[in-house]
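Enquirer: First the structure, which I've put down as structure tokens, then a few questions once you've had a look.
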């Protein structure tokens with residue numbers, strides 16, 4: 001039987017725990033709209049990382065991105081979503097306001113500067129030049145936050161990020177699901193331990209219990225606190241082992257094999273399937289783009305001069321090694337992290353489920369410029385991948 005104070009404390013602890021659990025599951029929710037004639041998927045996102053804001057009229061779909069300098073790169077493809085033009089905007093920080101887009105006018109402001117871009121961040125879209133007015137409408141962003149409680153895919157690390165990057169492979173989705181499952185048990189254990197601690201502090205303080213009762217031994221309670229933790233650990237261990245073994249599964253006949261070689265301080269990639277006896281090969285070095293050379297829309301310390309282009313929805317094998325010291329090839333959205341050891345070949349298998357650009361970094365301290373070894377994976381359609389390979393080989 002709980003006293004009123006205990007009931008009050010337990011009630012609030014349970015409320016906070018449930019809210020925390022719901023917030024974790026909320027991070028995996030996506031609301032997807034229909035496709036337009038341009039073939040680009042429309043999403044609705046409403047947190048401060050990305051927003052899809054709606055404007056009326058017209059028959060174009062505008063895709064805009066903010067980089068960390070609060071500038072905008074514009075992407076335009078034909079087609080509408082239910083007769084409504086959509087604008088996809090990436091907001092760099094919590095204090096940034098929402099924007100509404102309309103065509104045929106052009107203005108330049110410090111926080112909404114419009115720049116034409118031909119980046120391949122949005123695959124399969126027809127990039128065209130167009131002038132568009134960006135009008136500040138903070139009411140729109142607040143309204144969207146209240147109406148649609150979803151968040152955007154996060155394929156690169158963000159400032160003050162608390163959760164995982166969104167999964168692009170079955171392995172990463174399994175990691176996120178396992179985290180949520182374990183977090184449920186952690187909440188229950190935390191609530192129980194907090195209740196026991198607060199109850200002991202309240203009922204056994206010196207005023208209420210001046211002569212303490214000393215308990216030397218209790219068989220029942222010792223059995224209970226041995227059995228229950230063991231059962232909880234079993235519930236945690238079984239799915240953990242299943243996920244661990246699935247991460248070690250190697251595809252016997254992968255569609256594409258890529259070799260990643262770590263150097264101080266850059267990566268070299270070789271597409272082994274396209275090497276032949278005529279000394280024709282597909283290989284390149286991938287260096288980080290210096291901050292002074294970044295174009296608008298590119299991410300600081302994450303962009304490279306040559307991306308690793310792979311087809312989406314295809315079984316891939318990546319062979320990883322090093323030419324000098326220890327490195328580690330890691331891409332969080334793909335759920336992969338593999339050490340690059342000199343004189344040894346490690347391999348991982350992955351299956352990217354959606355098109356996009358995924359950022360990673362070397363995750364093993366390898367010297368002075370360890371922080372300047374980014375990894376960029378661009379997953380495109382099979383058709384675009386074939387065109388890219390043809391252009392590289394020829």
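Glycine is no exception: its Cβ is also placed from the backbone N, Cα and C atoms.
So Swiss-Prot lists the following for this protein:
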type     : residues           : note
BINDING  : 327, 362, 366, 373 : Cu cation A1 binding site
BINDING  : 362, 364, 366, 370 : Cu cation A2 binding site
BINDING  : 364                : Mg(2+) binding site
TOPO_DOM : 120-181            : topological domain 'Mitochondrial intermembrane'
TOPO_DOM : 199-226            : topological domain 'Mitochondrial matrix'
TOPO_DOM : 244-394            : topological domain 'Mitochondrial intermembrane'
TRANSIT  : 1-119              : transit peptide
TRANSMEM : 182-198            : transmembrane segment
TRANSMEM : 227-243            : transmembrane segment
Enquirer: Other than its close neighbours in sequence, what residues sit by the transmembrane segment (227-243), given a CB gap under 8 Å and a spacing of at least six beyond its ends?
Expert: 171, 174-175, 178, 181-182, 185, 189
Enquirer: Just give the helix, strand and coil counts over the topological domain 'Mitochondrial matrix' (199-226), going by DSSP.
Expert: 13 helix, 0 strand, 15 coil
Enquirer: Measuring CB to CB from residue 362 (Cu cation A1 binding site), give everything in the same chain under 8 Å that is also at least six residues away in sequence.
Expert: 262, 265, 327, 328, 329, 330, 370, 373, 375
Enquirer: In sequence order, which residues at least six apart in the same chain have a CB under 8 Å from the CB of residue 366 (Cu cation A1 binding site)?
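Expert: Result: 262, 264, 265, 325, 326, 327, 373.
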Enquirer: Tell me, how many other CB atoms lie within 10 A of the CB of residue 327 (Cu cation A1 binding site), whichever protein chain they belong to?
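Expert: Other Cβ atoms within 10 Å of residue 327 (Cu cation A1 binding site): 30.
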Enquirer: I want to check the contact list for residue 364 (Cu cation A2 binding site): same chain, sequence separation of six or more, C-beta distance under 8 angstroms. What comes out?
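Expert: Non-local contacts for residue 364 (Cu cation A2 binding site): 326, 327, 328, 339, 340, 370.
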Enquirer: Enter the number of other CB atoms within 10 angstroms of the CB of residue 373 (Cu cation A1 binding site).
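Expert: The answer is 27.
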Enquirer: Mean pLDDT for the topological domain 'Mitochondrial matrix' (199-226), as a whole number?
Expert: 79
Enquirer: Applying a 10 Å Cβ distance cut-off over all chains shown, what neighbour count does residue 370 (Cu cation A2 binding site) have?
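Expert: There are 17 of them.
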Enquirer: Determine which residues of this chain, when 327, 362, 366, 373 are set aside, have a Cβ within 8 Å of the centroid of the Cu cation A1 site's Cβ atoms, and list them as they appear in the sequence.
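Expert: Filtered neighbour residues, in order: 262, 264, 265, 267, 328, 340, 361, 363, 364, 367, 370.
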